[in-house]
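Noted in TrEMBL for the protein shown:
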| type | residues | note |
| --- | --- | --- |
| COMPBIAS | 292-302 | compositional bias 'Low complexity' |
| DOMAIN | 306-379 | domain 'RRM' |
| REGION | 262-302 | region 'Disordered' |
């Protein structure tokens, strides 16, 4: 792609990459690629470069991100009988899962283990107390430069995962970092856009090239707590545990806006609503269809679940098609109610925040040629 103009932001570069991949039909499922680590045509071929790296040959434990374009990379780790660690999506239930294929697994079984479903079904969690040492890190990128500068999708999870591994002692500044991207994702990135918490890459694998960046910029030294919000602390239990450990070790773990958070007038701990009341973001009458399928409204003291409406389903779509898309995006609900004849479905999530996050992930998702409509169930009723 053409070099970037002066004065651009990370988001400008992301948008240019996403727009280019969509307009040139370089993207693969899930689409559109906007707000994602893009899955691109040729991703499997690009990953074939990975086993040829000396860093891969000598590695025993390899961490690979869970995104679709790295599926073949995960397979090669398993096929080479190395230990594969995959972060849990959005770090909701921990930091790593160790993939454990069944004894005597064939190549076909290993390929299934490398999928998002396999990661869930054939893995065991790795706790903070495990003495794991990661020899190679494979991350996804939206854009990367030949100098090793990297831009993700903007949520910071890859940077946070790396910082957490540093805090655990699982990686060091010498641990190689690899990214697998399409050739069009290799662009000029101004160094001034890099921040102290941004990770850099040592190798870039594309369908046509292997780029050794020779990057000398130091990797993050650990978690920059002043960049961590209270919302992230509340959503990521393992982050809370790491913060408690570092606080006990005497480190400064002051969070972003922590003093304002403590002094904010009228701030109260959330309490369950009493029976008979419904929070603003929970579903209205549509919820009846879910309850008829086996769900029930939360009672007093129970978590307040929230439902997401998914509409404009293709007439020939099957529930398995939607489940596959949800698995790929890491947005599986507690319950899915399928109403195919009405071309809609309802997804139940544990709370409103999880439902909003799912809506963000599902925006613009297409099944076949149809773009799905996604909204909180009550908002859909109001329309």
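Glycine residues also receive a Cβ, built from the backbone N, Cα and C atoms like all the rest.
Note that the structure is a prediction, hence the values are computed from the model and not measured.
For the domain 'RRM' (306-379), the number of residues in each DSSP class (helix H, G, I; strand E, B; coil) is 28 helix, 25 strand, 21 coil. Over the domain 'RRM' (306-379) the predicted model carries a mean pLDDT of 84.
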